[in-house]
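These notes concern the structure reproduced below.
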Amino acid sequence: MNHPAFAAHSTLEAPAWVKHKKLIEWVQRVAALAKPERIVWCDGSQEEYDRLTAQMVAAGTLRRLNPAKRPNSYLACSDPSDVARVEDRTFICSQRREDAGPTNNWIAPAEMRATLDGLFDGAMRGRTMYVVPFSMGPLGSPIAHIGVELSDSPYVVSNMRIMTRMGRKVYDVLGEDGEFVPCVHSVGAPLAAGQKDVAWPCNDTKYIVHFPESREIWSYGSGYGGNALLGKKCFALRIASTMGRAEGWLAEHMLVLGVTSPEGKKHHVAAAFPSACGKTNFAMLIPPQGMNGWKITTIGDDIAWIKPGKDGRLYAINPEAGYFGVAPGTSEKTNFNAMATLKENVIFTNVALTDDGDVWWEGMTDEPPAHLIDWQGRDWTPAIAKETGRKAAHPNARFTAPASQCPSIDADWENPAGVPIDAFVFGGRRSTTVPLVTEARDWVEGVYMAATMGSETTAAAAGQQGVVRRDPFAMLPFCGYNMSDYFAHWLKTGVKLEQMSVRTPKIFCVNWFRKGDDGKFVWPGFGENMRVLRWMVDRIEGKAKGEEHAFGVSPRYDDLDWSGLDFTREQFEQVISVDDAAWRKELALHSELFDTLKQGLPVALQDTRSALEKKLTA
């Protein structure tokens, strides 16, 4: 268990470059509770990363991929019980239950702290506790915030180095008394003296806990990304959303992209889609044939922090430094830029291994390889798949890759001031009812659209698949406070923008997933979504027309640019039509959502629903 390579920083004593007394005392308190064998103060260097990955290869946690095929890249395969976020074990422990709201799990803070004290007592015995300093957002940005994660998982440390700005430079920004979000993580698998470790330690008991008032995160029992990489959903959305409410900004489950016209005019769009609904594909979109001169650039693919600038407009950063993307379905056809990003320096999790030491997943190629080792270490062939239905890669298999490797990365992706947002887009996976694109007539109507959006569940959350659930703003699993208060915060943001007399971002709702009578998707999606994006940009510029209906404004067939695509008026009608009977049922479902959220639900949203109902029956 001895790691002499870490001797320089393997101590309860902090290195000289850590000058933050409260941070040091906190590390000492957690160490006294969790009782690790050693403490390593991470510096974020390449040497440290190389040591950790070599250590994990030796332990069987990682497999080094063929350097000729996939340089400096690794494959991790998790325990089969630890493959996704665990929403039923995720808690918002606010002082008052009503502050967590009906969509979050709540336990009284004192009770939860007693539970965690018991779980973490000796939880890191026999293991190393890593002190991982990280910045969410460019170092020193006025939109960025700092966190420090204490974890007994080298897998977490390695992923955090890719996903955040991690290392010694964070302490320079933090100084002696800067604010940071304290994050504590353990896989919950202490080792007795002489006990052999397993390749993927975890515990059947899992807790992912947030204390909004003290801005703390505690995670126990899981080594999986969303549960263990605490800078991601836990900090960047759940805790940050509560910070944003208190401080007047937004932390959102959104991609951010730049769209530049052939004339060189650039706009920025932030878009929210539930997990595995095409967020990364949209963020890295390549304009299709016939739309020459248009260019899409990527600022972020998953999370946006949005703060008012000095001019009153909303400015966004991507708080992450990497992509933690869903692998299955990603291919050179569906997302060329993502595949190019994955050529080197990647950690893959729960994908399949090819016989020549590379990776594969469902959807990567038209034909699967003749033989693979699946994500659970078993032989896999197309014949086995046909007979058993077994997937080679887990449906929620992931890649962790540096954002800097993306060919479509925006020149401003690390601009500390952020980029100005011209439009918000919201979308879910709906096979019926919701049109291809609708523009809200005003901010309140846009907030209503986002508040009532629905999507089918995905493999990113453990549980049932294929069921439509309401997912307001794509934030249902990620909002760190009462959802009704969250809606009110969005409405208040709109009022502030109006008071500042700045151009308010337009709000659009999209649905790429309408199906025809044959059960197939009608809209081709992927790069063709550029045609919808162009209409949005032209609406911002006042150049494009549309047709008003009960729910807003949608394009007519001739309002879209069809150059290079054979898509008939009949097909367009299938994806754009508004069925009044279906929408009356939809509004009834909106009422069910509002009944769930009735405590504190803004009157403006109830009034909007009533107005829509009247329009439908007029």
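Along the chain as shown, the residues are counted starting at 1.
Note: Cβ is positioned from N, Cα and C throughout, glycine not excepted.
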Need one residue: from Ser45, Ser135, Ser141, Ser275, the one Swiss-Prot lists with Arg85, Tyr224, Gly225, Gly226, Asn396, Ala397, Arg398 for substrate.
Ser275
Among Arg85, Tyr224, Gly225, Gly226, Ser275, Asn396, Ala397, Arg398, which the record lists as binding substrate, the farthest-apart pair of C-alpha atoms sits at a distance in angstrom of 16
Integer Å value for the Cα distance linking Arg398 (substrate binding site) with Thr280 (GTP binding site) is 12
One of the binding-site residues Arg85, Tyr224, Asp302, Asn396, Ala397 has its Cα closest to the Cα of Thr280 (GTP binding site), namely Asp302
10 Å Cβ neighbour count around Asn396 (substrate binding site)?
24
From binding-site residues Gly225, Gly226, Ser275, Ala397, the one whose Cα lies nearest Glu528 (GTP binding site):
Ser275
Roughly how many Å separate the Cα of Ser275 (substrate binding site) from that of His253 (Mn(2+) binding site), to the nearest whole number?
9
Among all the protein chains here, how many other CB atoms are within 10 A of the CB of His253 (Mn(2+) binding site)?
25
Look up Arg85 (substrate binding site) in the DSSP assignment and report helix, strand or coil.
strand
